[in-house]
Amino acid sequence: MREYAVFTSESVSEGHPDKMADQISDAILDAILKEDPYARVACETLVKTGAVVLAGEITTTANVDFEAIVRQTVNGIGYHHSDLGFDGSTCAIINMIGKQSPEIAQGVDRQKPEDQGAGDQGLMFGYASRETDVLMPAPISYAHRLMERQAELRRSGALPWLRPDAKSQVTFAYENGMPVRLDAVVLSTQHDPEISQAQLKEAVIEEIVKPVIPSEMFHAGTKFHINPTGMFVIGGPVGDCGLTGRKIIVDTYGGMARHGGGAFSGKDPSKVDRSAAYAGRYVAKNIVAAGLADKCEIQVSYAIGVAEPTSISINTFNTAKVDEELIIALVREHFDLRPYGITRMLDLLQPMYKQTAAYGHFGREGSDTAFTWEKTDKVEVLKDAAGL
């Protein structure tokens, strides 16, 4: 398959309305898992001017204050005053959460935990590449870092006129499957009305873009599109309705890898949309880190109520150092991809999900985002088994 000559990915900030919804859903999931690790949670959130709507299905023994969690999350993101168009302390909260269908539960629950069935049918993908030090595609990796930098400068007060809502988009030129130069950066950030566009553009380029992207990637033709529509004062849920699960490409690989269509946030690990996608990343990252391939995409699929995957497929894009059939055999031998096996392998019953809900679920290795699916603890066993 011909490689892309250029590739673009986007990210959004924690104050983007869709990401607000994701964070609320995952904050509720975390609060429930703290009290009831085996709860069944499917929590959806909608945010719009002055209101948060919760819906979905939750079956749990936990006693959770949904309203308090919503308000704490919204205020923590930075929407804590009516001047910003949304105030977590005064917004209306509508709760429409019910319980999980017993017909779904009977397909998942088993007397022996290892026989736990998948919570639904579906297909999931995992991916890793040698493009960056975290084995992620460069465009999405740097798009996320731009958004994290925007939030850092906003929270620290270094650029006090920044507001929570923002988006980034990064285009890299490629040669031989590797990024070689930065062709374009798009960054739109919400701001106070007093700041001039000239000041904003200079600050964004000098304080956000240049500290994040390696200097050797810039060239004379690099294009900067900073707040290209001009004023961006009205943002967050006032500007756009936000929904859980509407940023699935931002959450994963920025379009560089395939996506099975299932969102992550608000779902407990029995939902393979989430847990199997995490397992896919874990498998692909260990394959690449072990040197079995320079690039790897794995697909797994499931049937509702059935523990074993219905299929496991690998694509190394002609970069494999060993036969792909051997790689699949090693995956089956060394990674338990049954739902219970994934949960145990990656310790997924911990209340850690709110941290995943902004700036990407993959490629993050910070002290508070050292997610288990980013470990490369299978490298030596894979190398030995492959004879490398």
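Indices start at 1 and increase along the chain as displayed.
Glycine residues also receive a Cβ, built from the backbone N, Cα and C atoms like all the rest.
In Swiss-Prot this protein carries:
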| type | residues | note |
| --- | --- | --- |
| BINDING | H16, D165, A166, K167, D240, R246, K247, A263, K267 | ATP binding site |
| BINDING | D18 | Mg(2+) binding site |
| BINDING | E44 | K(+) binding site |
| BINDING | E57, Q100, D240, K271 | L-methionine binding site |
| REGION | 100-110 | region 'Flexible loop' |
Find the one among the binding-site residues E44, E57, Q100, A166, D240 whose C-alpha lies closest to that of D18 (Mg(2+) binding site).
D240
D18 (Mg(2+) binding site), number of other Cβ atoms within 10 Å:
22
By a 10 A CB contact count over all chains shown, which of the binding-site residues listed here is most packed: H16, K271?
H16
Consider the binding-site residues H16, E44, A166, D240, K247 and say which one has the Cα lying nearest the Cα of K271 (L-methionine binding site).
E44
Cα of E44 (K(+) binding site) to Cα of K247 (ATP binding site), in Å and rounded, measures 13
Once the chains shown are all counted, how many other Cβ atoms turn up within 10 Å of the Cβ of Q100 (L-methionine binding site)?
20
Across the whole of the region 'Flexible loop' (100-110), what does the mean pLDDT come to? Round it, please.
62
Which whole-number value in Å describes the distance between the Cα atoms of H16 (ATP binding site) and E57 (L-methionine binding site)?
25
For K247 (ATP binding site), the number of other Cβ atoms found within 10 Å of its own Cβ
24
What is the biggest Cα to Cα gap, in Å, among H16, D165, A166, K167, D240, R246, K247, A263, K267, the residues listed as binding ATP?
25
What kind of secondary structure is A166 (ATP binding site) part of, going by DSSP in three states?
strand
What does DSSP say about K271 (L-methionine binding site): helix, strand or coil?
coil
Sorry to bug you, but what's the C-alpha spacing from E57 (L-methionine binding site) to K267 (ATP binding site), rounded to the closest Å?
10
Can you grab the distance from D240 (ATP binding site) over to E57 (L-methionine binding site)? Cα atoms, rounded to a whole Å.
25
